[in-house]
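As written in Swiss-Prot, here are the features:
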type     : residues                                                               : note
ACT_SITE : Tyr141                                                                 : active site, proton acceptor
ACT_SITE : Lys180                                                                 : active site, proton acceptor
BINDING  : 11-12, 32-33, Lys39, Lys54, 77-81, Asn94, Lys145, Val172, Lys180       : NADP(+) binding site
BINDING  : Asn171, Arg182, His189, Phe203, Gly204, Ser205, Asn206, Arg216, Tyr295 : substrate binding site
Amino acid sequence: MTIIVTGAAGFIGSNIVKALNQRGITDIVAVDNLTKGEKFKNLAECEIAHYLDKHEFIRQVREHILPYQNIEAVFHQGACSDTMNHDGLYMMENNYQYTLDLLDWCQDERIPFLYASSAAVYGKGEIFREERELEKPLNVYGYSKFLFDQVLRRRMKEGLTAQVVGFRYFNVYGQHEQHKGRMASVAFHHFHQYREHGYVNLFGSNDGYGNGEQTRDFVSVEDVAKINLYFFDHPELSGIYNLGTGRSQQFNELAAATVNACRAAEGKSELSLKELVEEELIRYIPFPDALKGKYQGFTQADITKLREAGYKEEFFDVKAGVNRYVKWMLENLA
């Protein structure tokens, strides 16, 4: 049985490939665009059966000439995740139409289809639950994900021939994101800032939040991969699911976890947030005028639906997850 992973050389895709490998699954077709060649490193430690360029893959899908038999599932992680990319033509072709064509093919072939949606569909909302009236995307990236989610909702009413699951990823961090540049996680940037300068910068107070007190639902990519495989194990489950921890944590906590993990590797003791600030290992910079009124101070996934689907595992909190991530970066990137 063959499994197809799109975006396989990317951040979440390569972690799904790795998680499949840990189960002994290696009959994997890795689909990606390696124009950004350094992404190959994410696949180098994985076992796959074949690599296929994204453009050739979608051509074969559209012409119904893929040569693989007995495809067990498609994990579709290939998309443009740059929220600052405002090229609507590219975004809708790459994120919406590509995904729609894959859905149609998987439904024709009765193949389970697990795809990446995004918490960006909620825009600046304060309630993050999988309900249409709460979804107000603010950019074309969020809209491309939102629009496809609406397709799934309609298809579910009409009846599906095979499982389809969309995961609304919140703030994912972890290994194999180094190619993402400015779109890499805050944990990634904090690590490199601390290693280069010896301190981490955070935004100061704004819009009722104190210094560094803005919060996000930070979720480890290890948990993201586990949940993808949980639904792979349960083909009777379809729908759209938030994929966060259900816990909102401050940027202060993330910065402290990163700095303390680096200090631990240097043989130094853990410091409290107060001590880190007093020693100027965490510094606060004025909140940028350009972001005032546009910056989201809080996100937190409502994971009620995920729990109702039977997923019982606990998530890494920021301290534990970032500690594991920093150890990986020190071993692989430093």
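Think of each number as a place in line: the chain as shown, counted from 1.
Every residue gets a Cβ built from N, Cα and C, even glycine.
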Rounded to the nearest Å - Cα separation of Lys145 (NADP(+) binding site) and Asn206 (substrate binding site): 29
Rounded inter-Cα distance in Å - Tyr141 (active site, proton acceptor), Ala79 (NADP(+) binding site): 10
Neighbouring binding-site residues, C-alpha within 10 angstroms of Lys180 (active site, proton acceptor) - of Phe11, Gln77, Asn171, Tyr295: Phe11
Residues Asn171, Arg182, His189, Phe203, Gly204, Ser205, Asn206, Arg216, Tyr295 [recorded substrate binders]: greatest CA to CA distance in Å: 23
Nonlocal neighbours by CB distance (under 8 Å) for His189 (substrate binding site), same chain, sequence gap 6 or more: none
Whole-number Å value for how far Ala79 (NADP(+) binding site) lies from Gly204 (substrate binding site) (Cα to Cα): 33
Pairwise CA distance, Phe11 (NADP(+) binding site) versus Asn206 (substrate binding site), rounded so that it is a whole Å: 31
